[in-house]
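Feature list (source: TrEMBL):
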type: BINDING; residues: C41, C42, C107, C137; note: [4Fe-4S] cluster binding site
type: DOMAIN; residues: 41-150; note: domain 'NADH:ubiquinone oxidoreductase-like 20kDa subunit'
Amino acid sequence: MEIVDIVPDVLKNNVMITTIDGLFKWARSNSLWPLTSGLSCCAIEMMCAAAARFDLARFGYEVFRPSPRQADLFIVAGTLTWKMAPPLKRLYEQMPNPKYVIAMGSCANEGGPFADAYSVVPGVDKIIPVDVFIPGCPPRPEALIYGMLQLKEKIRHPEIIQKVKK
Ligand code: SF4
């Protein structure tokens, strides 16, 4: 017997049934709190995404937090240098679990135009785990929003992502 079968017909249009885990995933995926941080030019597009024209608030993701203790999403927007790598890792470690990372732009993905420079990390995934990579130099605000919606799907359906990886 399905759990929905025990709900009286008169209530079926008024009652939603889920699991606690499903409820948490739904809540997390609709209220990501990004850390206020930017490394270089890609961060300007990130700021645009939060402003009125692109209105990240439509998706519940506009509450940028100045403290890693209050953030669950790290958008690494810009060029990561080896000198900045330890502070970046420390900020990531200070974020509470569960936490997510978006690498925004070619520099964060793999060093971009500076990939061969002695001072640049060739991809932020060399330092911290990354959930979503967004290509572009810089990616437009729409691309960041699309990447965040992909992260939303990943949070809600981690089992699909795991199957794709296999
Ligand atoms: S990807 Fe392009 S726009 Fe983004 S930080 Fe690198 S050089 Fe700047």
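Cβ from N, Cα, C; glycine included.
Automatic, uncurated: that is what TrEMBL annotation is.
Look at the domain 'NADH:ubiquinone oxidoreductase-like 20kDa subunit' (41-150): DSSP puts its residues at 47 helix, 16 strand, 47 coil. Neighbours of C137 ([4Fe-4S] cluster binding site), defined as other CB atoms within 10 A of its CB across all chains, total 12. Mean model confidence of the domain 'NADH:ubiquinone oxidoreductase-like 20kDa subunit' (41-150) amounts to 94 (pLDDT, 0 to 100 scale). When the neighbouring Cβ atoms lying within 10 Å are counted for each of the binding-site residues (C41, C42, C107), the highest count belongs to C107. Listed in chain order, the extra residues whose Cβ falls within 8 Å of the Cβ center of the [4Fe-4S] cluster site residues C41, C42, C107, C137 are S40, A77, G78, T79, M104, G105, S106, A108, G112, G136, P138.
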